[in-house]
Amino acid sequence: DGCGHTVLGPESGTLASINYPQTSPNSTVCEWEIRVKPGQRVQLKFGDFDIDGSDSCHSSYLRVHNGIGPTRTEIGKYCGFGFQMDGLITSKSNEVTVQFMSGTHTSGRGFLAAYSTTDKLDLITCLDNASHFSQPEFNKYCPAGCVIPFADISGTIPHGYRDSSSLCMAGVHAGVVSNTLGGQINVVISKGIPYYEGSLANNVTSEVGPLSTSLFTFKTSGCYGTLGMESGVIPDSHITASSILEWSDQTGQVNIWKPENARLKRAGPPWAAFISDEHQWLQIDLNKEKRITGIITTGSTLAEYYYYVSAYRILYSDDAQKWTVYREPGMDKDKVFQGNTELYQEVRNNFIPPIIARFFRINPLKWHQKIAMKVELLGCQFSIGRAPKITVPPPPQNKNDDKNDDFSDDFIHSVKTLLQTDKTTFTPEIKNTTVTPSVTKDVALAAVLVPVLVMVFTTLILILVCAWHWRNRKKKTEGTYDLPYWDRAGWWKGMKQFLPTKSAEHEETPVRYSSSEISHLRPREVPTMLQTESAEYAQPLVGGIVGTLHQRSTFKPEEGKEANYADLDPYNSPIQEVYHAYAEPLPITGPEYATPIIMDMSSHPSTPLGVPSISTFKAAGNQAPPLVGTYNKLLSRTDSTSSAQVLYDTPKGQPGPGAAAELVYQVPQSVAHSTGSNDEPS
């Protein structure tokens with residue numbers, strides 16, 4: 001009477017003391033006999049051990065024996081509160097006896113242990129959870145019997161399970177291991193989520209869970225896709241049933257709950273049997289053999305009709321004539337699957353190992369009010385590779401014809417047996433219900449060429465845009481003169497100012513004008529000569545003797561051919577009515593600054609002080625100043641090595657600084673002179 005939770009599988013199992021994890025009762029005893037296949041040995045691992053050891057294991061203890069029966073030998077005797085046993089207890093044969101004795105005590109939870117064959121090197125117990133392991137991914141072996149009432153889990157697939165959940169119990173819920181057989185799990189740890197959903201699957205209820213720092217999921221074969229009930233891939237004609245519920249409601253409308261209504265998540269009524277008994281069935285034709293790994297069921301999903309199936313069996317066939325009831329390996333009883341507990345909730349059950357069949361049948365065993373359900377099948381495609389064609393050589397011709405016939409029959413029988421075995425044991429590599437198309441070389445080539453072509457075209461477009469932009473900038477720069485900059489007059493002269501000069505003497509080389517050369521020109525030829533010369537700015541005519549000009553004077557000496565001037569005023573032509581404070585520039589082709597024209601007055605009478613000398617600046621009023629006197633000699637600027645003193649326009653009646661002769665200049669209009677007197681009009 002001291003035996004608690006116990007599941008003894010062919011290769012692994014779980015056993016616990018009575019009332020675990022609560023205090024075990026006094027004076028109880030239990031004995032477990034464990035057998036595995038001959039030639040294998042048993043290993044035992046404790047998940048929890050808490051037995052009163054106050055009397056030195058005299059009345060309360062756990063004893064492990066090699067063998068079963070009178071010939072068994074003791075491996076060890078254990079007791080103690082919170083006893084920690086590192087490692088495994090290993091037997092010497094394929095049989096082990098575990099004996100639990102509980103005497104008089106006031107505390108102690110008892111024990112929980114797991115066992116397996118010794119080839120399972122990574123055995124864990126049903127109490128281990130993800131927080132016990134630090135690796136981000138690991139493989140462990142779960143024993144059979146880990147669906148225990150005192151453990152809990154939170155979460156579901158595919159979102160994952162809370163890290164506090166039992167690994168093996170979550171593996172059963174996810175359908176990766178069987179509670180009856182146990183199995184290997186591949187666990188992946190990842191970041192937790194704020195909320196974990198609950199669901200019912202494989203007779204395990206997952207509760208809703210709060211936020212956790214981490215969660216875990218399972219790596220699987222991927223053969224869990226839907227097979228076409230919900231999507232409509234399976235046609236209505238391939239869904240049949242033993243009977244159909246047909247009835248009239250209060251309004252007289254006839255309601256027929258046909259088999260094709262049994263599609264999961266399809267709006268409307270479900271399939272329902274006309275008679276509710278254990279002989280009813282719903283059949284699905286998958287058109288060809290499929291690998292079926294699970295099933296999802298719901299009730300009627302109609303609030304006014306509270307119908308659902310709570311337990312059922314599964315049958316399968318290749319020809320719809322001979323049916324096989326699904327059983328777990330090593331079991332001699334049909335497996336009964338837990339169905340729904342209410343009409344809305346989706347309940348999943350997995351088949352371990354999967355079913356390979358074309359025809360699938362559900363046989364309800366328990367129901368609420370009436371048999372009514374909607375279903376979806378889970379699985380993937382299944383195909384068998386063709387066996388190589390075997391050619392049987394003709395038997396040798398000898399006297400032993402009977403022996404040769406027997407040999408041929410035996411050989412053909414062995415080949416048939418081999419092919420049949422391959423058909424039942426072949427494991428496909430298909431991961432889902434969609435067949436992945438093969439990738440050809442053309443697709444790979446296109447995947448390389450397309451990005452290259454895109455890059456080439458993009459580069460060409462950028463080059464064209466840059467060229468267009470440069471051309472626009474060039475046009476904008478030349479737009480003022482409508483001529484390229486290399487065709488403008490004075491281009492070379494403009495560039496010379498940026499080039500280093502040979503010497504200051506070369507820069508200030510005077511330009512001399514000979515009066516003898518000017519005398520033969522007519523008065524009207526002078527303006528023409530001025531315009532034909534490539535002067536950039538108007539050239540002021542300054543009368544009198546001028547001293548030295550500074551090297552950086554704004555007056556630029558003329559280069560090239562010497563200009564000749566007549567004694568007459570070159571500016572006696574009518575002047576426009578537009579007046580400026582400074583000399584007006586000549587045409588665009590001329591130089592930018594005026595070149596001073598210096599006349600030598602040494603051989604002529606001095607100009608009266610009251611008469612202004614010749615200047616390009618206009619006098620006040622509407623008339624230009626008259627030309628007074630004649631000049632027969634022009635003087636140039638002195639060398640830059642001469643006196644640095646520069647003579648500028650001086651107010652009338654006031655001598656210039658340091659001048660040998662008195663100079664008279666006309667001050668430009670509206671320009672204040674730095675040394676002017678109050679007598680000069682502004």
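Glycine too: its Cβ is placed from the backbone N, Cα and C atoms.
According to TrEMBL, the disulfide bond annotation covers C3-C30. The feature domain 'CUB' is assigned by TrEMBL to 3-118. For 142-216, the entry in TrEMBL reads domain 'LCCL'. Look at TrEMBL and you will find 223-380 tagged as domain 'F5/8 type C'. Here TrEMBL flags 443-468 as transmembrane segment.
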Using a 10 Å radius around each Cβ and counting other Cβ atoms from all shown chains, which of the disulfide-bonded residues C3, C30 yields the largest count?
C30
Looking only at the domain 'LCCL' (142-216), what are its DSSP counts of helix, strand and coil residues?
8 helix, 31 strand, 36 coil
Across the domain 'LCCL' (142-216), what does the pLDDT come to on average, as a whole number?
94
